[in-house]
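Heads up, the thing below is written out as structure tokens.
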2 protein chains.
Amino acid sequence: MNGNRFDEASRHCVIYAVSDSAGETGEAVVRAAVAQFTNARTEIRRRPFVTDKSHIAAIVVEARDEQAIILYTLVLPHLRETMAQHALRDGVLAIDALGPLLDGLEWRTGIKPEYRPGLNHQLDADYFRRVEAVEFAVKHDDAKDHSGILKADIVLIGVSRTSKTPLSMYLAHRKFKVANVPLVPELKLPDELLRVPRSRIVGLTIGKEDLNQIRKERLKALGLPDTAPYAAPDRIEQELTYAREVMDRLGCVVIDVSRRAVEETASLIMEHVRNAGVQPF
Amino acid sequence: MNGNRFDEASRHCVIYAVSDSAGETGEAVVRAAVAQFTNARTEIRRRPFVTDKSHIAAIVVEARDEQAIILYTLVLPHLRETMAQHALRDGVLAIDALGPLLDGLEWRTGIKPEYRPGLNHQLDADYFRRVEAVEFAVKHDDAKDHSGILKADIVLIGVSRTSKTPLSMYLAHRKFKVANVPLVPELKLPDELLRVPRSRIVGLTIGKEDLNQIRKERLKALGLPDTAPYAAPDRIEQELTYAREVMDRLGCVVIDVSRRAVEETASLIMEHVRNAGVQPF
């Protein structure tokens, strides 16, 4: 439509994530790529459970009309082929996110893929272990029940606002059973913590200023004045010192969560526990 | 080593997921592909935070020696290039999972990518909304606090063992604030449910036999006899009838979770609420 692709209008791009299953993997790839274009206006359209050729043809036409990009994770070979043909005919950039690896694995193992969409989300033992781990994490969040400490693969300890809850959920999704225990100077430390192998305990720490900032925002979100002791530098200093003493006493690994996203901290924790020989279940 | 790549030994394949960030996206792609090879023995090795050329060279050599496949999600152009060069030189199949889409987006938008690893996990407003949603879901799991029903984007209702908790966590990760309410004939229905727009309520149902099976296994996991009323066909029938009546009365959408993975049910729920105009936050 427009010869100059560097004008304002062209900064916009629609990306279709097309899948013959739930479409999670494709959307993850699109999100990772889109994150690198902070100055572009991008729109992701997920098209899950696409299982017939006419549906694919229709999506390609839509994409053509909007000068969109398609990223597809299609397991069924005839759908992959249909997509490639239509995209070529209609001049649409369509990227096969799964095909090259499926082909590579076939070549290396000498085995044909199962070609069954949704196998990635099969209700197998692995799946139920993941569900169980999520339920465990919810049940043993915030040390609601100390018995969880002894049953957990990983015990997270740290002061309030060190990402214990989101980390527990993330690790649960990776099949680790996680309990988390808040460290508060006024609360007695659960005895169970002293009975857990220290390789299973992970201490979370954070910089004073970062914590101050996060807690102030937390108070604001709760509609409270940000001058409450919870966010006061003195109180924060006291809590962090106490937490450090506890972690020293337990001899556990300590990870600084300052300015780290949950995904990143979780990667570090998984590396640590795997090195220590802890496996999920 | 072996001329016949269809023999027993070749059914094994190692796949490296190499990233200059946490490596989540790449691992998701590898998992999706590997799931299609139920008869192969595959091993995924995650190599996150790879940020220098010599590290890449070392991984390629490892991969060559094991006849492994590499899938990489490298954002930095010089690392992508190094990977491609070394893989070519050492004869290793290395698949670029992010590059084609990064290039496509640059071409379509006329904007250069930021080339900053980890941007996908930036501590931005979006990130904090996700964290908040996870904390909300944990707090309002199992109707621990009825106030959550009115504040939620989505309220899940259903009898015990219809995946309410894992679904809540999954949807939270997609930034939806989710409360879930168990339906039990003997418990009074929270009044709040009658005050929520019905488009926000999602009823979860399940086949009798499936529920019977799941509950029996649940009892076994808890070390209880599987003959308890909880798993008895009569009791299940009664609960499901009651749940159906409640859902009819509320006029909410009903989704059957039988033999569906959480990812799949969650996709259906998100499609429903988006059609109904519900957006996360």
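Quick reminder: no glycine exception, Cβ is built from N, Cα and C everywhere.
Copied from TrEMBL, the annotated features are:
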type	residues	note
BINDING	B:Gly158, B:Val159, B:Ser160, B:Arg161, B:Thr162, B:Ser163, B:Lys164, B:Thr165	ADP binding site
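Sequence features annotated in TrEMBL and their locations in the structure.
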{"residue": "B:Gly158", "record": "ADP binding site", "Cβ neighbours (10 Å)": "26"}
{"residue": "B:Val159", "record": "ADP binding site", "Cβ neighbours (10 Å)": "23"}
{"residue": "B:Ser160", "record": "ADP binding site", "Cβ neighbours (10 Å)": "16"}
{"residue": "B:Arg161", "record": "ADP binding site", "Cβ neighbours (10 Å)": "22"}
{"residue": "B:Thr162", "record": "ADP binding site", "Cβ neighbours (10 Å)": "27"}
{"residue": "B:Ser163", "record": "ADP binding site", "Cβ neighbours (10 Å)": "23"}
{"residue": "B:Lys164", "record": "ADP binding site", "Cβ neighbours (10 Å)": "26"}
{"residue": "B:Thr165", "record": "ADP binding site", "Cβ neighbours (10 Å)": "24"}
Cβ-centroid neighbours of ADP site B:Gly158, B:Val159, B:Ser160, B:Arg161, B:Thr162, B:Ser163, B:Lys164, B:Thr165, 8 Å, sequence order: B:Asn180, B:Pro182, B:Leu204, B:Ile206, B:Val257
Proximity to chain A among binding-site residues B:Gly158, B:Ser160, B:Arg161, B:Ser163, B:Lys164, where any Cβ pair is under 8 Å: B:Ser163
Assigned element (helix, strand, coil) containing B:Lys164 (ADP binding site), judged by DSSP: helix
